[in-house]
Amino acid sequence: MAEVLLFEALRDALDEEMQRDPSVLVMGEDVGHYGGSYKVTKGFHEKYGDLRLLDTPIAENSFTGMAIGAAMTGLRPIVEGMNMGFLLLAFNQIANNAGMLHYTSGGNFKIPIVIRGPGGVGRQLGAEHSQRLESYFQSVPGLQMVACSTPYNGKGLLKSAIRNDNPVIFFEHVLLYNLNENLIEQEYLLCLEKAEVVRPGNDITILTYSRMRHHVLQAAKVLVNKGYDPEIIDILSLKPLDMGTISLSVRKTHKVLIVEECMRTGGIGASLRAAILEDLFDYLDAPIQCLSSQDVPTPYSGPLEELTVIQPNQIIQAVEEMCKIE
């Protein structure tokens, strides 16, 4: 066992897969000589050279298209967005090409590409650099979406994403890179389509992902001391949703609280709520509650920035109110 930070776990995943498979390469702004904006590829340029660590111009649409073309020829490119918000400039490439080329080519082309990088609210990065793109990409056919939340699942999910023959959008939260955890030294992979039951419980199901997993766990400490028994599920796979794991929990607790950093309108929470109501309505004893970020641009001010996202005290209050419903 060794203590590893999240960005180090992601680096280890990339390093192991690049050693294992010479078709794996990384491209993006400052991923080579500089080692990436959050040092996830630090030292890789010296180890793997210019052909497998491609420093690109500031042209997201162009280098994402280049990566998709490389994937069509049999390579396994990993695109790093310096900030996930910048990938809006490559939306056409991701949606119309990465997501659909396998279908529109009649199955002749696989698109084994991973698009990863930092996003979310934090570090006072301002409105343009605090985007949550999961709401944008969830409706694009052909894309898988994963959000890591710990060094353990970050490493295991990224390795699986690289080996996957489908395009995967891999979300990393800017505030979680220095999160530490003891990891086993043996190689492991995690299923891209499986949620994690973080804490078993009987009173209420709390569905969450990414940074909000940790806000929920903070709230859970208080709730347990007050006598509540929440079941916490990190959904991990944003698309497709692991409705099997979610269904088992809802049938047991009969109450659902969704906690996300995504916007309330059109977010992952809205999709989760719709899926649960469609399949599990008869098992619910209370309306589904969804705690989401406000539908406003993220302020630069630190205190105002925090006010736009859900905090642990709001989770505690929501659980207490829902558990009063018989």
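Here the Cβ of each residue, glycine as well, is placed from N, Cα and C on the backbone.
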Candidates Ile113, Ile206, Ile232, the one Swiss-Prot lists with Ala161, Ile162, Asn166 as binding K(+):
Ile113
Setting Ile113, Ala161, Ile162, Asn166 aside, what same-chain residues sit with their Cβ within 8 Å of the center of the Cβ atoms that define the K(+) site, listed in sequence order?
Arg76, Ile78, Pro112, Val114, Gln144, Arg163, Asn164, Asp165, Pro167, Val168, Phe170
Tell me which residues of the chain lie with their Cβ under 8 angstroms from that of Asn166 (K(+) binding site), as long as they are six or more apart in sequence?
His102, Lys110, Ile111, Pro112, Gly142, Leu143, Gln144
Where does Ala161 (K(+) binding site) sit in DSSP terms: helix, strand, or coil?
helix
Distance check, please: Cα of Ile162 (K(+) binding site) against Cα of Glu60 (thiamine diphosphate binding site), rounded to an integer number of angstrom.
20
Ala161 (K(+) binding site) and Glu60 (thiamine diphosphate binding site), Cα-Cα, nearest whole angstrom:
21
